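Asker: Sharing a structure, written as structure tokens. Questions coming.
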């Protein structure tokens, strides 16, 4: 519960000696014992998610890791064979911008100091955001404390949980932690976006879009949106996740019809727009999967919220911006007016129109802390065990008037 409080509380928890180390150790131990659905895992991963919230702004010397978004470049070549191999890219960063990782020389071989990582075949660090792989800098001492929250190798923990756990709260927390770590333009966010791809985590997150729990779907959507900042990720998400993103939109011929909340629909629309911007193939995939029909229905039926209409309008404008698609769309019976939404001014590119209240003006790319659940809050244990769980969101539900998902929502 403390982890869901204001930024100062999060800072103090991150700096508690041994806390983050212990949380990660517990989760690794449970995974090692094939128990990825235990209450221990649930509480620990939810806490890690909360501590990862705004970590790129709140850690000591956060400015060292801030990066200016690089210009779009062509995607790089084939995968390298190493754990996190790399193809050399352009535009290297200055030395003081390069964050530390957790590699060290052990008996003459480069090895990761995190228990779940494999031997590293060192190569030079590329800075091309479209590079198929990205190397992480070597470090001579093990990461510890809050540093463990964003070591790229920790991604393996979340991916393991996404693939092995059946508990919605754990799935949502894992996706939410990834979403938080990939928020913002910072060095480790770039590394982690690449690590997710290299460790085959994109498909694990995309699979969550079909989950029965709406909160899991929303967390997966937010994570994919932040991961799509990486150009290679964007390409892969466009190929493989667009169909399931579209299926979660209201309308169309699907049975049974989806009936997701406004927040979830807006999240999905923003993710779709992030994926199709500067990605013609993804825009084509959207057209092929009933996406245009659903977007136009959102705008013309008159029964959707203003936020949903604005988000759908942005996607439609992005699609119409591709001159290559206009003739095919017109042949299918669509008109230019279908892609124009009168009375709605779209001012912000690829952001969610979610007004958040409270101490921090949170960006739409970060999740909301677990205490911000309002009356519909989530408890990890039943009422009899309420006093023994790490999550007492029921006690804190009125702290801030913002909805969030169970123990793990930050977008």
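Every residue gets a Cβ built from N, Cα and C, even glycine.
Pasting the feature list from TrEMBL:
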type: REPEAT; residues: 18-52; note: repeat 'ARM'
type: REPEAT; residues: 200-237; note: repeat 'ARM'
type: REGION; residues: 364-383; note: region 'Disordered'
type: COMPBIAS; residues: 369-382; note: compositional bias 'Polar residues'
type: REGION; residues: 388-411; note: region 'Disordered'
Asker: Reported in the order helix, strand, coil, what are the DSSP residue counts of the repeat 'ARM' (18-52)?
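Answerer: Residue counts for the repeat 'ARM' (18-52) by secondary structure: 28 helix, 0 strand, 7 coil.
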Asker: For a three-state summary based on DSSP, what are the helix, strand and coil counts in the repeat 'ARM' (200-237)?
Answerer: 31 helix, 0 strand, 7 coil
Asker: Mean pLDDT for the repeat 'ARM' (200-237), rounded to an integer?
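Answerer: So the average pLDDT across the repeat 'ARM' (200-237) works out to 96.
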